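Engineer: Just lifted these from Swiss-Prot, have a look:
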type	residues	note
DISULFID	CYS28-CYS44	disulfide bond
ACT_SITE	HIS47	active site
BINDING	ASP48	Ca(2+) binding site
Amino acid sequence: SLLQLRKMIKKMTNKEPILSYSKYGCNCGMAGRGKPVDATDXCCXXHDCCYGKVTSCSTKADSYSYSWEE
């Protein structure tokens, strides 16, 4: 879900995602497009691509089980 994504970004970067990344690079925020300018921008492009492939699902509202290692 978008809420889970926000929490993950906040935990890993200690930044508020909406304020820090809504207009970052070419792909972060609404209507992203173009060649990513760096690794963070590439992550936004990959995120948008994944959402684009599952448009028939409630991907933005559904909760998902996930984990990561620091």
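Quick reminder: no glycine exception, Cβ is built from N, Cα and C everywhere.
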Engineer: Excluding near sequence neighbours, so keeping only residues 6 or more apart in the same chain, what lies with its CB under 8 A of the residue listed as 'Ca(2+) binding site'?
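Structural biologist: Result: ASN27, GLY32.
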Engineer: If you count the C-beta atoms lying within 10 Å of each candidate's C-beta, which of the disulfide-bonded residues CYS28, CYS44 ends up with the smallest number?
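Structural biologist: Selected from the disulfide-bonded residues CYS28, CYS44 on minimum Cβ neighbours within 10 Å: CYS44.
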Engineer: I want to verify one value. Collapsing DSSP to three states, which class is CYS28 (disulfide bond)?
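Structural biologist: Its secondary structure by DSSP: coil.
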Engineer: If you skip the near sequence neighbours and keep only those at least six away, which residues in the chain come within under 8 angstroms of the residue listed as 'active site', Cβ to Cβ?
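Structural biologist: Counting only residues 6 or more apart in sequence, the Cβ neighbours of the residue listed as 'active site' under 8 Å are LEU5.
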